[in-house]
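**Q** Sharing the record's features from TrEMBL:
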TRANSMEM  12-33  transmembrane segment
TRANSMEM  67-88  transmembrane segment
TRANSMEM  109-128  transmembrane segment
TRANSMEM  140-157  transmembrane segment
TRANSMEM  229-246  transmembrane segment
TRANSMEM  261-279  transmembrane segment
TRANSMEM  291-311  transmembrane segment
TRANSMEM  375-400  transmembrane segment
Amino acid sequence: MAESQLVHPPLFTYISMLALLTLVPPFVILMWYTNVHADGSVLQTFNYLKENGLQGLIDIWPRPTAIAGKIIICYALFEATLQLLLPGKRVQGPISPTGHRPVYKANGMAAYTVTLITYLSLWWFGIFNPTVVYDHLGEILSTLNFGSLIFCLFLYIKGHVAPSSTDHGSSGNIIVDYYWGMELYPRIGKHFDIKVFTNCRFGMVSWGLLPITYCIKQYEEYGSLSDSMLIHAIITLVYVTKFFWWEAGYWNTMDIAHDRAGFYICWGCLVFLPCMYTSPGMYLVKHPVNLGPQLAISILVAGILCVYINYDCDRQRQEFRRTNGKALVWGKAPSKIVASYTTTTGETKSSLLLTSGWWGLSRHFHYVPEILASFFWSVPALFNHIMPYFYVIYLTGLLLDRAKRDDERCKSKYGKYWKKYCEKVPYRVIPGIY
C-alpha cells in the first residue's frame, strides 16, 4: 500500500500498525484473564499489572498445550475439509483493479450447519464435552496467538514467492506488508481460498460455536441456564446465521475485495474474533444475570430486529446490483447514480450507486443496526462491569473508521460521481448526525 493510498497520515498509520502488532496479542490474553479469573473487573486486572508489571503478564499468560493444539488442528482441518468438499453454487466476486475476478464456491451455510450439528451431536452422545474448550480457552487463545503470527509470516513469504493472482504487491516496507498483507486473493492450489477460510470458516463459525460452549459450561457450573446467557446466545446465533445466509454478499465487502490477507485481517479473524467478539458470553459464564421475562423478551426482540434490518440493508443493495438497478426499493423504482471509473489497465467501466431505501438514509447506514445488534447481545450482562461492552466499543470505532476508508476509496475511484453521490446522500453513517 503506497503512502498516497493511506487514509490517515503516514506517521499515524505506521505508529498505529506497530502499536496493534505489539499490544493487541497480549490484549487478547488480558481479556480472557479478566473475564475468567478477575471477576470481569478491568480495574482488578489493571491493579494486578500495576503491582507485577511485565512479569505479571508473563505469569498469567497460558502456555500453549498439546490439548489446545489438538482442538485447534481438528477444528481447522474439519472446516477446511467442509470448505473444499461440500457442494455449493459457483459465485463470482467483484472485478479487482487489475481486472482479476475471483470465483468462489458458496457452501458456507452448509458448512456452518454441519459444524453446529456435529458439535452438538458430539456433546449429546458423550463423545466430546464442549466445556473442555472453555476450560482450556486461555491455552487455545495463546496457541492461536503464536500460531497465527507465524501463519501471517507464511502469507508474507507466499506473497513474495508464489502469489495466486495479479492482485499482489509490496509497499517496500516489511512492517506494512506484514500488517496489511501482500495478496488480495491468496489461495492454496486453485480452489482453497485462504481469506474465506480465516474470515468465514474458522473465525465466523467459531463465533457460532463459542456461545453454545458458554451456555453448556454455565449449565454444568450452576445446574441452570440464565435468561441473560440464553438471550445473548440466541441473538448472536441469529446474527451469525444471517452472515452465512448472506456469505456470498460478504465477498463483495472491504474485508475480502479490498483488504489484503495479512495480520490485520487474518490474525484478526483467527484470534481476535473468537476472543473479543464472544466476550459478553465469556463474561456471563461466571456472572449469570436474571433479567426476568419482560426485559429478556424486549432485548431479544430489539436485537433480532436490528439483525434483520442489517440483513435487509445488504439484501436491498444486492438485489439492486443483481437486477442492474431495476429492482423495486421500498415498493418504488430506485433512485440511483450511474458512475463510471477507470481500472488500472485503462479500461472504463460503470457502477450503479443506490441513493434510496436504506441507502438513501446514509452512505453506510447498515453499520447502525450492526452496532445496535452488538449492544443488544451485550446488554443482558447489565452494567456491573464495562468488560461485556468492549466489543460494542471496538465495533463502533472499527466501522466508523471503515466508513471513512471506504469513502476515501470511492472518492478516488469515482471522482465527480462520488461528489454527486455525497450531495444526494450527505450523511456517512448516522442519518442527521454523522
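Cβ coordinates are placed from backbone N, Cα and C, and glycine is handled just like the others.
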**Q** Near the transmembrane segment (140-157), which same-chain residues lie under 8 Å Cβ to Cβ, leaving out any that are not at least 6 residues past its ends?
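**A** Counting only partners 6 or more residues beyond its ends, the transmembrane segment (140-157) has Cβ contacts under 8 Å with 25, 28-29, 32, 61-65, 68-69, 71-72, 133, 174, 177-178, 181-183, 186, 194, 261-263, 266-267, 270-271, 274-275.
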**Q** Please determine whether the transmembrane segment (291-311) and the transmembrane segment (229-246) are in contact (criterion: at least three Cβ-Cβ distances under 8 Å, sequence separation 6 or more).
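**A** Stretch pair touches.
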**Q** Can you work out which residues elsewhere in the same chain, 6+ from the ends of the transmembrane segment (67-88), have a Cβ less than 8 Å from its Cβ atoms?
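**A** Long-range Cβ neighbours of the transmembrane segment (67-88): 105-108, 110-111, 114-115, 118, 132-133, 136, 139-140, 142-144, 147, 191-193, 196-197, 201-202, 205-206.
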